[in-house]
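Annotation comment: TrEMBL describes Asp214 as active site, nucleophile. The feature substrate binding site is assigned by TrEMBL to Tyr268. What TrEMBL lists as domain 'Pseudouridine synthase I TruA alpha/beta' is 304-409. Among the features that TrEMBL reports, region 'Disordered' is placed at 467-494.
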Amino acid sequence: MSALPDRRYSRLLNKRSHWCCSRKKKKKNHTRAGVFFGAPLQIQRSLNLMLFGHILSSYTKAVRLKKLLLTESKHCHRYKSFAAAMSEALDKLELDNAARKAAKAVEDEAVKDTNRIKRNLKRKKWVDWKTQDDEVAANGNKRAPFDPADRIKRKKSAILLSYCGANYYGMQRNPGMQTIEEELFKAMLKHKWITEDSFDQVQIACFQRAARTDKGVSAARQICSVKLPEELDLEAFNADLPEQIRLFGVERVTKGFNAKDQCNARTYTYTLPTVAFASCEAESEQDTFRITPELLDRVKETLKLYEGTKNFHNFTSKKNFLDPSAKRFIMAFTSSEPFQSPQGVEFVTLKVKGQSFMLHQIRKMVGLAIAIVRGNTTAITLERALTEERLDLPMAPGLGLVLDTVHYERYNERYGKDGIHNPLTWEAQETQVQAFVESQIFSQIYKTEAEQRNMLDWIGTLHYHSYDTRKDEPPPPSGPAGGKSSKPEDDNDE
């Protein structure tokens, strides 16, 4: 039973008081359950019920309060235990973090020591100036100290370079190897185009090549960016270069120009004897073979299958199908009409233009196209090579591959007509470049093929390839998000 509201209780008391005062004589009226005397029975019962409700409510509240206090005490005890557990866990976590940091510091220090040892072992000391100074001092002469007045102001420039790579181990500088860059930097240092520090570390001169050609690969119009003085003597400079290397032009470019990053397309050519397309079922002589128009059309149709954006993971090394950098855009892949070399051998020149190319990509594209035209395999192999399968594909020799043109259409459109910079089209040097290409690059290709017959030897190995799924090696691991992030070094041209 619940207690009456306080307002009702006060009204009942007032009513009783008024009734008792109006009576002249009080009567004692004893009832079993009442504690009020002289009041009507209904009012007595209401008051008794109200009082009983108050007492019961107070008792109930007391019981509830007791239970609440007991519960709170238990909860407090529980909370204290949880807090203690959390404190212990946090202390343990701090200790674990401290131990992990200490172990990481030890590991980092070990890695630094290892890298330091590797740098000391593989340091690229192109010129040992201390030894040279000691030798010069022994002869009575000593290199003069640096004079700030001799400092030469250098600005970012683009250079047009042509070279025959038949006797060189590629374009990029490599310790102990005969490379194109090594010969170039030696001549630059001799003519004071670069400083001694820049010779030791070419990044100081902001040197960057547009394409890194492989061993034996030539370039008709290679572009490099580097900081050079304003006054340059190209004729004297070329006199100190080997006959297979020539620098034909220098153009002032913007401060942020990068020969590789701002190149929006590259064109390569591959010159080979037409006997490479002869049927594999018949024996053909290189000197007497002549390609038919029907066979040349088949060559052109096969090359056209490469055009577009496709996944070329089978045409390079260490690339997974899921690697985004394996996708390349081929703008055009064509073949020239046949022509004869001075030695009487018939040749054709294949030309491919694309945004960028991976290591060995063009040579493998040419190798598979030759195998398809000869009949060693079918065009279905090319379709499968562009899927996720890993196939065994041949790679053509590097002799006939030439970097023909590096395209800078976007740069020319933005800066070529600003009145300060010239477009990088090199039209004034085209006659000299063509003469060098014919005398040094193509003549070397014709002569080597006629004497050594590299292409004939290579096509004799096409039947050793299965043109099917490779089972001898596992696929390269895929990086995060389906492949390793594409960095600039991923775009390793031929």
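One-based numbering along the chain as shown.
Placement of Cβ uses the backbone N, Cα and C atoms for every residue, glycine included.
Not measured: the values here are computed from a predicted model.
Cβ neighbour count for Asp214 (active site, nucleophile) (all protein chains, 10 Å cutoff from its Cβ): 18. Here the domain 'Pseudouridine synthase I TruA alpha/beta' (304-409) has, by DSSP, the following mix of helix, strand and coil residues: 29 helix, 32 strand, 45 coil. A separation of roughly 13 Å, to the nearest angstrom, links the Cα atoms of the residue listed as 'substrate binding site' and Asp214 (active site, nucleophile).
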